[in-house]
Amino acid sequence: MRVKGIKKNYQHLWRWGGMMLLGILMICSATDKLWVTVYYGVPVWKEANTTLFCASDAKAYDTEIHNVWATHACVPTDPNPQELVMGNVTENFNMWKNDMVEQMHEDIISLWDQSLKPCVKLTPLCVTLNCHDFNATNATSNSGKMMEGGEMKNCSFNITTSIRDKMQKEYALFYKLDIVPIDNDKTNTRYRLISCNTSVITQACPKVTFEPIPIHYCAPAGFAILKCNNKKFNGTGPCTNVSTVQCTHGIRPVVSTQLLLNGSLAEEEVVIRSENFTNNVKTIIVQLNESVEINCTRPNNNTRKRITMGPGRVYYTTGQIIGDIRRAHCNLSRSKWENTLKQIVTKLRVQFKNKTIVFNRSSGGDPEIVMHSFNCGGEFFFCNTTQLFNSTWYRNTTGNITEGNSPITLPCRIKQIINMWQEVGKAMYAPPIRGQIKCSSNITGLLLTRDGGNNNETTDTEIFRPGGGNMRDNWRSELYKYKVVKIEPLGVAPTKAKRRVVQREKRAVGLGALFLGFLGAAGSTMGAASLTLTVQARLLLSGIVQQQNNLLMAIEAQQHMLELTVWGIKQLQARVLAVERYLKDQQLLGIWGCSGKLICTTAVPWNASWSNKSLSDIWDNMTWMEWEREIDNYTNLIYSLIEDSQIQQEKNEKELLELDKWASLWNWFNITNWLWYIKIFIMIVGGLIGLRIVFAVLSIVNRVRQGYSPLSFQTRLPGRRGPDRPEGIEEEGGERDRDRSSPLVDGFLALFWVDLRSLFLFSYHRLRDLLLIVTRIVELLGRRGWEVLKYWWNLLQYWSQELKNSAVSLLNATAIAVGERTDRAIEVVQRAFRAILHIPRRIRQGLERALQ
């Protein structure tokens with residue numbers, strides 16, 4: 001028997017040992033499976049082209065004068081602009097392929113066109129002009145240089161009056177640049193306006209000003225503007241010092257050629273930028289590190305007169321010039337300019353292998369290209385820059401720098417008919433400005449072109465000439481350090497977490513389209529950035545809402561206009577675009593079952609073909625931008641798999657939940673499940689112990705009420721009997737005393753039943769007593785409450801009657817008093833009336849007495 005028992009125990013141990021070994025092998029052979037996890041609010045962006053809107057300082061312009069840039073339609077600038085530096089981020093920039101430049105160019109053209117729409121067309125002036133040289137009537141000698149002969153013409157012409165079928169002869173002064181002689185005229189007295197045969201000339205409205213006002217370009221919600229802060233950035237290639245801003249700096253839309261005015265300066269050295277230095281067709285943009293002040297003036301004291309050209313159309317022209325006809329000119333410091341050229345030459349020699357650098361005048365073309373053209377106080381100046389670009393800088397020399405502080409004086413001419421943006425068919429007439437004109441500007445850059453074809457190794461000289469004419473280069477000189485990116489807040493990455501419970505998630509607070517606040521974590525690793533998703537997402541919806549309010553206020557400010565400006569249209573587009581981005585992201589999150597979540601696990605397994613990097617390599621060493629580039633080709637595939645998985649979960653919710661519990665043996669050893677098991681075990685044991693204690697206490701209380709204390713909670717020993725008292729016989733005869741104990745109870749179930757029965761009886765009696773007490777209390781409170789209510793009701797009736805009686809008495813007394821006073825007043829009136837009636841009688845009686 002002993003041998004059999006040992007054999008049986010050994011077989012039992014062998015069976016359990018085999019099962020444990022099999023389980024250990026299964027656990028050890030199981031590998032960690034990775035699953036796709038969705039992250040919302042990751043610092044990821046992609047290059048994009050979007051509609052930008054403008055911001056401008058509300059105090060930067062005169063409300064009574066309409067500036068051509070329509071900055072009154074822009075949103076107000078942020079008094080505390082935020083610039084967020086992104087550490088450990090390298091981004092590629094390309095100033096030559098920047099959509100911001102194209103957009104600004106189109107905006108400025110549209111603004112000019114729109115500002116001229118309501119203005120007068122000068123088509124009636126396209127007639128024959130009989131002109132002769134103009135001379136001042138009261139000339140006086142002065143130190144200013146006289147205008148060249150024939151620079152201004154006094155022309156007469158026939159024009160329609162306010163009555164259309166009548167003509168009258170008018171006189172006007174024109175600049176020589178604005179008129180051309182008629183071909184068949186040999187006397188040079190017959191002219192026409194220069195653009196009449198090619199363009200429609202529009203006169204600028206009287207209250208339009210061309211003064212450049214800083215314009216800030218801003219990105220709508222869901223987009224951001226990246227800024228390169230490298231001090232020597234050449235405009236193309238990687239930038240290691242990157243920050244994100246909501247708006248650009250204030251860019252003055254200065255329309256000029258050859259020289260860039262009132263722009264931004266380089267922080268350290270002069271910087272030259274070109275799309276391709278070896279290609280002479282490409283313009284070279286020079287950014288100075290120190291500005292050179294240039295002061296321009298038109299000394300002529302002009303007057304302005306009006307000429308009516310039919311009903312509702314007025315043409316403004318120069319009336320008379322008081323004093324000498326002196327030419328306009330600009331002055332700048334010679335030493336500063338030559339020092340600027342010296343720094344430019346140093347940079348050019350680096351690009352062109354230490355060759356001789358020659359600066360020469362423009363090679364020819366339109367006046368806008370040949371001369372430095374710009375707007376000064378409302379007049380368009382065309383200045384000869386030959387003195388600025390007329391020097392040779394030999395190799396290993398400092399050039400022919402002129403000693404002395406004498407200023408450089410540039411002779412300027414004025415042109416009133418401007419070919420707008422070198423476009424065919426559009427010309428503008430700038431009305432003359434009264435009085436003298438002075439303006440001061442800062443030269444902050446140059447536009448240069450290089451002679452020759454491709455870079456020739458055999459030549460030792462490079463010739464550079466002033467260029468311009470393409471206004472895109474003007475805007476490019478300011479926008480070179482910016483680029484627009486589209487925020488991609490949705491990111492996917494592998495984790496060990498899998499979506500376990502398939503249920504409808506509770507909707508959390510909505511998060512809006514991504515704003516720039518979260519980009520501060522762009523340079524952090526994926527693991528570090530994912531820990532701050534909540535902080536990164538706080539400004540998302542608040543940012544879009546605030547921006548929407550600002551845009552709406554700017555749009556409402558334009559309701560008095562018949563049509564929106566270019567900025568108004570852009571603001572509407574920005575509003576719609578921001579809402580679209582927000583709805584698109586929320587739609588994807590809803591389709592994936594991730595609404596309101598920053599981190600959302602899925603049931604889609606991670607495919608190693610997408611990326612075979614380990615979790616530590618991904619989360620500890622890579623940024624979100626690097627990871628996005630890693631899986632960019634598979635993003636759409638992953639999105640579709642997540643969507644398919646969510647659809648399958650919704651179709652088979654119950655079945656998938658049941659199967660998921662038995663997905664792998666490892667779920668049995670999940671720490672969360674074991675903690676739940678331990679919690680249930682502790683609750684059961686604690687409940688049994690507590691129940692046992694309650695039963696013991698109830699038993700003790702019951703026994704104490706019977707007059708003695710038992711030795712045990714359940715086993716009660718019989719009371720001692722006297723020696724003369726028999727214990728009974730086999731037939732259970734004999735006498736039983738009262739103090740004899742009841743039979744003992746054996747077994748757990750019997751003990752449990754006795755205790756449970758005692759508990760229920762005790763609870764029943766106590767609850768019955770409590771119910772009786774509560775019933776008595778409620779009855780007593782009800783009776784007392786009813787008595788109190790009756791007392792208050794009687795009291796209310798009593799005081800109501802008293803108040804009623806008092807009111808009646810007061811009303812009666814008031815009526816009696818009023819009646820008495822009314823009677824007295826009537827009596828007084830009657831007496832007065834009788835007295836008046838008796839006046840004739842008294843007079844008669846008096847006369848009778850007097851006559852007697």
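Each residue's number is its place along the chain shown, starting with 1.
Every residue, even glycine, has its Cβ placed from backbone N, Cα and C.
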Matching range for Swiss-Prot feature annotation, region 'CD4-binding loop', among 274-284, 362-372, 494-504, 626-636: 362-372
Which range of 60-63, 580-583, 664-667, 708-711 is motif 'YXXL motif', per Swiss-Prot: 708-711
Cysteine from Cys228, Cys247 that Swiss-Prot links to Cys239 by a disulfide bond: Cys228
Segment assigned the feature region 'MPER' in Swiss-Prot (from 20-41, 658-679, 746-767, 790-811): 658-679
According to Swiss-Prot, the disulfide-paired cysteine of Cys126 among Cys74, Cys119, Cys155, Cys196: Cys196
Recorded disulfide counterpart of Cys376 (Swiss-Prot; options Cys218, Cys247, Cys439): Cys439
Secondary structure tally of the region 'V2' (155-196) (DSSP, helix then strand then coil): 3 helix, 22 strand, 17 coil
